[in-house]
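Chemist: Take this structure first; my questions come after.
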Amino acid sequence: MNSTQDTIYAQACEHISDFQFDDRVAGVFSDMIRRSVPGYGQIINTLGDFADKCVTPNSKIYDLGCSLGAATLSVRRRIEGRGCEIIAVDNSESMIERCKQNLSAYVSETPVDLICADIRDIEIQDASMVILNFTMQFLAPEDRQTLIAKIYQGLKPGGILVLSEKLVFEDEPVQHLLDELHLDFKRANGYSELEISQKRSSLEHVMKPDTLPQHQQRLKAQGFSHFSVWFQCFNFASMVAIK
């Protein structure tokens, strides 16, 4: 899943527009997310492990906000021969087009239905696994509860939701420390102060992270009684919830 280096914010911008998953971002997304999200590779690899353990024969897997297909590829490698179908959804045509190319590079008997749509409009049924990988934080906060409810209803008993998100913290010293560590991570991966500042400004109005208790309360309210954080690095975490 090759991409060119992310230099989108390397030059000073007079006007910084809101972040969009457009063609420019899609072209550098693999590099961008690897250099911006600590533990991203570990999360992607472990999605395949979750699928191996939890995906049941003749069921469906939903990758909601599939971007370039990294999660779908990780899962598909581990479920061959189970008669399953993966439904991969993204509302960015540029992401879907590149995802299609990435998926076609690997031979597989597991079909992937690639859909360019808003994940809030997708019906979920017969699912043994649903993936929300750094996706929900871009939805309007008032729509998140409804989405989790729809996922819960569409999961088969024993099915899982894997939810990865950036977190915010009510404890201000903790928030400051983890934020600083994340910034150091980006600096160590070659991002300049200008790039970091401009990217943060572009995300300010479009990415609204929740606290961990907010995620937990939302999962519990919609019927999940078994859930836990399985991975965390700084202010990025991944949770698993079992129906």
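Cβ atoms here come from the backbone N, Cα and C positions, even for glycine.
Since we're looking at a predicted model, the values are computed, not measured.
Sharing the record's features from Swiss-Prot:
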BINDING   Y40, G65, C66, S67, D90, N91, D118, I119, N133, R200  S-adenosyl-L-methionine binding site
Chemist: Highest CB neighbour count within 10 A among the binding-site residues D90, D118?
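Modeler: Compared across D90, D118, the most Cβ atoms within 10 Å surround D90.
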Chemist: Helix, strand or coil by DSSP: which one applies to C66 (S-adenosyl-L-methionine binding site)?
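Modeler: In the DSSP reduction, C66 (S-adenosyl-L-methionine binding site) maps to coil.
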Chemist: When the number of other CB atoms within 10 A of each residue's CB is tallied over all shown chains, which of the binding-site residues Y40, C66, N133 has the maximum?
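Modeler: Of Y40, C66, N133, the one with the most crowded Cβ is C66.
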Chemist: Once the DSSP letters are reduced so that anything not helix or strand counts as coil, what is D90 (S-adenosyl-L-methionine binding site)?
Modeler: strand
